[in-house]
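Quick look at what Swiss-Prot annotates:
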ZN_FING   1-28  zinc finger
ZN_FING   29-56  zinc finger
REGION    62-92  region 'Disordered'
COMPBIAS  62-74  compositional bias 'Low complexity'
COMPBIAS  75-87  compositional bias 'Polar residues'
ZN_FING   101-128  zinc finger
REGION    129-158  region 'Makorin-type Cys-His'
ZN_FING   170-228  zinc finger
ZN_FING   257-286  zinc finger
Amino acid sequence: MSDRILCKFFVHGSCLKGENCEFSHDSKDPPNNVCTFYQKRICLYGSRCRYDHVRAASNLPLSSDSESLDRSISTTPSRHLQQQGDNNDGDKSSNVYCIHPREYPICSFAAAGDCPRGNQCPHMHGDLCNTCGKKCLHPFRPEEREEHTKECEKKQKHIEALKQSQDIECSVCLDRILSKATPGERKFGLLTECDHPFCIQCIRNWRSSAPVSGMDVNSTLRACPICRKLSYFVVPSVVWYSSPEEKKEIIDIYKAKLRSIDCKHFNFGNGNCPFGASCFYKHAYSDGHLEEVVLRHLGSQEGETVITDSIRLSEFLGGLQIF
């Protein structure tokens, strides 16, 4: 056994430095499984992290005896708390290194399914999640428990939706949409005003074809091929909905995603978007502020109110014919 710390990458079989590694590759050497990202409060894995979530020493009372520090970390939470209580009763002046149960990490093996150490495991075993069936809920971290529960329910809901969508066929090509050859074709094209299923490729080809001369675009291309109801846009989705509420949620998520993408026609204020206020994409100028939508209302001779698009001076001057 050497004095070096065991390489954490070697433990997981992923060290790329080999013999040139400055850490030890001897499994008998002491490991250092403390998560440095957690100490900086930037660990993104939470309870799923494979390393120990222990706060930095500056945030905790310092111990005068390094041996007691090692002993407190290596013992189980329940055993450590019991030792702490005994020390406090026997010697009021002793300086005990105290760690709140919230700081103990849960066992990654138990969280994944089964811990080979059982009751001898030095880590805390989490509570059972009723959704995923894993013991991954930390008993003393309510925020993590709530976050995991919501995320787990969301994943389970998505899996159930995928199962229900397996047998849905396209109303045009009559193929099962989720059984198509390429991943890009395995998407539904949802129409906002009807519930007929289409694959995204078929409905887009239908709406992009050239209209017959003299026929209205809305009645020929933007209408559903089956029921002829008019839908102004198509929503791509990897699952098929089972209720109007689920359909509305899919459409809202799609619109919210488009609102985060800059409109190529608006071009940060240098272009002109033909869709105007109806555009789903973000109309933002180069300095970051959003375009202020101002609708122009014009009254006709028949008493009707018409909303007109904004007219630029360059477009007006470009349309003049000077003889």
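Keep in mind that glycine also has a Cβ here, set from the backbone N, Cα and C atoms.
For the zinc finger (1-28), same-chain residues at least 6 beyond its ends with a Cβ under 8 Å from one of its own Cβ atoms are 50-51. For the region 'Makorin-type Cys-His' (129-158), residue counts in helix, strand and coil come to 17 helix, 1 strand, 12 coil, using DSSP. The DSSP breakdown of the zinc finger (257-286), given as helix, strand and coil counts, is 8 helix, 3 strand, 19 coil. Predicted-model confidence for the zinc finger (170-228) is 86, expressed as mean pLDDT. Across the zinc finger (170-228), the DSSP tally of helix, strand and coil residues reads 19 helix, 7 strand, 33 coil.
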